[in-house]
Amino acid sequence: MKKNRISKNWINKQKRDIYVRQSQVDGYRARSAYKLIEIDEKFKIFKNGISVIDLGASPGSWSQYISRTVKSGRLVSIDLKGMEEIENTIQIKGDFTDLESQEKIKALFKSKVDVVVSDMAVNTTGIKDIDAIYTGELAMEAMNFSKEMLVKEGRFVSKIFLGSSFNEIVALGKKLFKEVKVFKPKSSRKESKESFIICKILR
């Protein structure tokens, strides 16, 4: 009975969510697209013709927005889960943390890339502090990978959670990049500890 009540509450919440409704109008696969749109509007991440890597891409709303924005550029997306095709997007089904997957990504670019984004998060354990730690580890691995892949003026965007690893992630960002900001989009649910770290210009 409790599970059914939770499911009904979730469904009702989704129906009331303006970003869920707007995503259906705009053709995005998830409301998370609007988080990236807000980030882009504030921090000027994307433009036509650039090269981008999207880590943890499924179900694909970030890749959809990036594809529409970079147009003639190059976009490579990776996720453990397969997803429907997206125009102007090369998709890899695999675990980003595997070296083999990282080598596949590198092989698809002849030179350094302009942007790396990550919306990766672990499967939730139900213990928020543990989830924050594991997701933080993914963010730091993505950040270290971006150092290898980005041009000097490159940009890195990643989901992070407020928790014990938060300061460590920000410190790593400041070690690797000249400009580091933490931002919580309006489209991120108020009750969520989710924020995003935006880094620019490699040291």
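From the backbone N, Cα and C atoms, a Cβ is placed for every residue, glycine too.
The following features are taken from Swiss-Prot:
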type	residues	note
BINDING	G60, W62, D79, D95, D119	S-adenosyl-L-methionine binding site
ACT_SITE	K159	active site, proton acceptor
Give me the CA-CA distance between D79 (S-adenosyl-L-methionine binding site) and K159 (active site, proton acceptor), in Å, as a whole number.
15
For D95 (S-adenosyl-L-methionine binding site) and K159 (active site, proton acceptor), determine the Cα separation and express it in whole Å.
17
To the nearest Å, how far is the Cα of W62 (S-adenosyl-L-methionine binding site) from the Cα of K159 (active site, proton acceptor)?
12
Count of other CB atoms lying within 10 Å of the CB belonging to G60 (S-adenosyl-L-methionine binding site):
25
Greatest CA-CA distance (Å) over the residues G60, W62, D79, D95, D119 that the record ties to S-adenosyl-L-methionine?
18
Coarse DSSP state, helix versus strand versus coil, of D119 (S-adenosyl-L-methionine binding site)
coil
For the binding-site residues D79, D95, D119, which one has the sparsest Cβ surroundings, going by other Cβ atoms within 10 Å?
D95
Tell me which residues of the chain lie with their Cβ under 8 angstroms from that of the residue listed as 'active site, proton acceptor', as long as they are six or more apart in sequence?
S118, D119, M120, A121, T135, A139, E194, S195, F196
What DSSP gives for D79 (S-adenosyl-L-methionine binding site), in three states, is strand
